[in-house]
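*Asks:* Annotations per TrEMBL:
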type	residues	note
BINDING	22, 81, 82, 114, 115, 231	phosphate binding site
DOMAIN	76-290	domain 'Nucleoside phosphorylase'
SITE	212	site 'Important for substrate specificity'
BINDING	230, 254, 255, 256	substrate binding site
SITE	267	site 'Important for substrate specificity'
């Protein structure tokens, strides 16, 4: 289906938002039904058009559910974090617009993909990682909150920045595939690539766009970092403020700069790993969508425990808010204010 054949409007509710880039422009299990070319939010325009797709259920599918919801269509919204032509550097990505647009489309959860450097020998290039913690090494350049303006103050909990339930769902899916048809495969050797997941797995987020010095890379290892990227913040913070269960899937491309006997990371050195990771990300995203559509896990139906949390997080009284401020809040939470 070409872009000219899909609608530029979508009136339904989205089940899953996916934020990606290279290798995730096409998902095999989806049928695009709409392309929203210009989503204007109170925080600007999204970094790319948002493609709405519907999971195509096969006749032989037996829908199971661990919740009491009825069978229905499963809708996915996809956008490219850095733009269709990778025109947005990490510090200039319109993160607030991207997350606000997904929230406005009534997404029930968000999964994002990101290339990362490895800070651990056991995390090899082409391995995937499900982090559960973040170390913030950005420089305060990025707008990182919806609630940091005069007239609207809010404080949300961020102790566990990722959704353990989503990560566990993905981990089980990948591990089960190893004995049948591995989802993550090294295309050069045809061997499975590893998926790393535990509650202490930590991603360091740096400002960029330059990579780390050797001294910095070694410091991040000492701080407890396992992988390093430039994109998880403020994306994860904004998703939390929007009560969206969020999990980043990290894809290792290199060993950053901490190995003294290795050349410092360069773009040329990681192209092959990026291509392999892109193919694996496509396969994994398709499997995640397929299984979420079939199983309808509880975390999609209860907000993973986040629903309603923002009501207690806003310090400013509604009668002290301006009309513009209330309109911003209602864009995100039309049922709260």
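These residue numbers are counts, starting from 1, taken along the chain as shown.
Cβ coordinates come from backbone N, Cα and C, glycine included.
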*Asks:* Measuring Cα to Cα, how many angstrom lie between residue 255 (substrate binding site) and residue 267 (site 'Important for substrate specificity')?
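*Replies:* With the alpha carbons as reference points, the distance is 12 Å.
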*Asks:* Spatial neighbours of residue 115 (phosphate binding site) among the recorded positions 212, 230, 256, 267, defined as Cα within 10 A: which are they?
*Replies:* 230
*Asks:* Just to confirm: which same-chain residues, 6+ apart in sequence, have a Cβ under 8 Å from the Cβ of residue 231 (phosphate binding site)?
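*Replies:* Looking at Cβ-Cβ distances below 8 Å from residue 231 (phosphate binding site), excluding near sequence neighbours, one finds 81, 90, 93, 112, 114, 205, 248.
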*Asks:* State, in Å as a whole number, the widest CA to CA span among the substrate-binding residues 230, 254, 255, 256 given in the record.
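*Replies:* Output for substrate binders 230, 254, 255, 256: max Cα distance 15 Å.
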*Asks:* Just give me the nearest neighbour of residue 256 (substrate binding site) among the recorded positions 82, 212, 267, Cα to Cα.
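*Replies:* The answer is 212.
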*Asks:* Round to the nearest Å and give the CA-to-CA distance linking residue 254 (substrate binding site) with residue 212 (site 'Important for substrate specificity').
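*Replies:* Given the Cα positions, residue 254 (substrate binding site) is 12 Å from residue 212 (site 'Important for substrate specificity').
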*Asks:* What is the Cβ neighbour count of residue 81 (phosphate binding site) at a 10 Å cut-off, with all protein chains included?
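*Replies:* There are 23 such Cβ atoms around residue 81 (phosphate binding site).
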*Asks:* Non-local Cβ contacts of residue 230 (substrate binding site) (under 8 Å, 6 or more apart, same chain)?
*Replies:* 90, 205, 206, 207, 208, 209
*Asks:* Please work out the mean pLDDT for the residues of the domain 'Nucleoside phosphorylase' (76-290).
*Replies:* 95
*Asks:* Do any residues at least six apart in sequence from residue 212 (site 'Important for substrate specificity'), in the same chain, have a Cβ closer than 8 Å to its Cβ, and if so which, in order?
*Replies:* 117, 206, 220, 228, 256, 257
